[in-house]
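Worksheet: the structure to be examined is printed underneath.
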């Protein structure tokens, strides 16, 4: 069996099994490598003008055989792609005879085998991951929609901090929806057309996916910034600029994503814009994300330092310290929960740690929206109190239309005063 026939059979096997590696089908890696190798082989053949050699350079569909003199033989290793299936990749030998190149020996299926049982195992593994992240995103969308409805419907919960919560909820909904849109646009079936598609829908889905990811990180950062400003406020007039956070939280991701789209259109308008992990344009997206994760972690440490000072017995009564802790505990949980593993992975190559990265980012990451809704809404004491009042039939007209702000004053020697909402 020659290289072209074996390559075609491998593609059929990969497409049949639907194996996925990372965010791409495994057959896309195979097709990409074959195209690159074929192009390099043809370019090398064009630069060789020596017609005295017995066998000219040729591409057999899988390997590039260099020009060789009559009576000589060449041995080449199997393509690098086969290392996905094990470390024991063999060599293929061909002789240059008077009549031309001999058949490969040993045959490609023997020298470069593809174990079907391994493909079946990988199919089962990634199918399970897909079921998990589809379920996780679906649960997250439902929980986040309910949480937004609660915070919007209960007027006593209207305050800047809860407004920021709703923005964060919206970014998780956008992120989950972008995953479904991208899957529908790129992986529509078992064919390999998605490996080379260049449709507008495909590119738009990738752009929306990047925008959703960036807005998600920006509003997680906004939560930390707002809490830091709130805890460090030294005057009733030093309120955080909420609308500046709104502008930055949505505007900067739109600006970065728009710049990335312009870069792709100008310099790399090929295929679906999804194969760009080594592209300079990719840092327009990845750079701000890495920066936001680093800043968020710094704010996390700063918030801890502020709380340690404010929770000292000399800095206020038991009620005041309880208010500070209740205000901060959700954000203190979320920042390390959603940031530490990104700090680790952002400084590793994109191909490193796939066995950990895939289930962590696609599987567990799909439940982040649900966790946010639980911490910021369903377990929030004020939210539960308001729902109880509505549920047990208290007349909402007898209650204030809006929650009043509470002024917390520390002992005179500290000369610190904090003006904030309890929610």
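Glycine is no exception: its Cβ is also placed from the backbone N, Cα and C atoms.
Per Swiss-Prot, the features are:
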DISULFID  41-64  disulfide bond
DISULFID  55-96  disulfide bond
DISULFID  78-112  disulfide bond
CARBOHYD  49  N-linked glycosylation site
CARBOHYD  50  N-linked glycosylation site
SIGNAL    1-22  signal peptide
TOPO_DOM  23-130  topological domain 'Extracellular'
TOPO_DOM  152-167  topological domain 'Cytoplasmic'
TOPO_DOM  189-210  topological domain 'Extracellular'
TOPO_DOM  232-240  topological domain 'Cytoplasmic'
TOPO_DOM  262-283  topological domain 'Extracellular'
TOPO_DOM  305-331  topological domain 'Cytoplasmic'
TOPO_DOM  353-357  topological domain 'Extracellular'
TOPO_DOM  379-423  topological domain 'Cytoplasmic'
TRANSMEM  131-151  transmembrane segment
TRANSMEM  168-188  transmembrane segment
TRANSMEM  211-231  transmembrane segment
TRANSMEM  241-261  transmembrane segment
TRANSMEM  284-304  transmembrane segment
TRANSMEM  332-352  transmembrane segment
TRANSMEM  358-378  transmembrane segment
Report, in whole Å, the straight Cα-to-Cα distance of residue 78 (disulfide bond) from residue 41 (disulfide bond).
15
Between residue 112 (disulfide bond) and residue 55 (disulfide bond), what C-alpha distance do you get in Å?
24
Do you know offhand how many angstrom separate residue 78 (disulfide bond) and residue 96 (disulfide bond) by C-alpha?
19
Measuring Cα to Cα, how many angstrom lie between residue 55 (disulfide bond) and residue 64 (disulfide bond)?
13
Rounded to the nearest angstrom, how far is the Cα of residue 96 (disulfide bond) from the Cα of residue 64 (disulfide bond)?
14
Is it the case that the transmembrane segment (168-188) and the transmembrane segment (241-261) have 3 or more CB pairs under 8 Å, with pairs at least 6 apart in sequence?
no
Tally of residues which DSSP labels helix, strand or coil - the topological domain 'Cytoplasmic' (152-167):
13 helix, 0 strand, 3 coil
Check residue 96 (disulfide bond) against DSSP and tell me helix, strand or coil, would you?
strand
Positions on the same chain near the transmembrane segment (131-151), where near means CB under 8 A and six or more residues out:
157-158, 162, 165-166, 169-170, 172-173, 176-177, 179-180, 359, 362-370, 372-374, 376-378, 383, 387
Just going by other Cβ atoms within 10 Å, which of the disulfide-bonded residues 78, 112 has the emptiest spot?
78
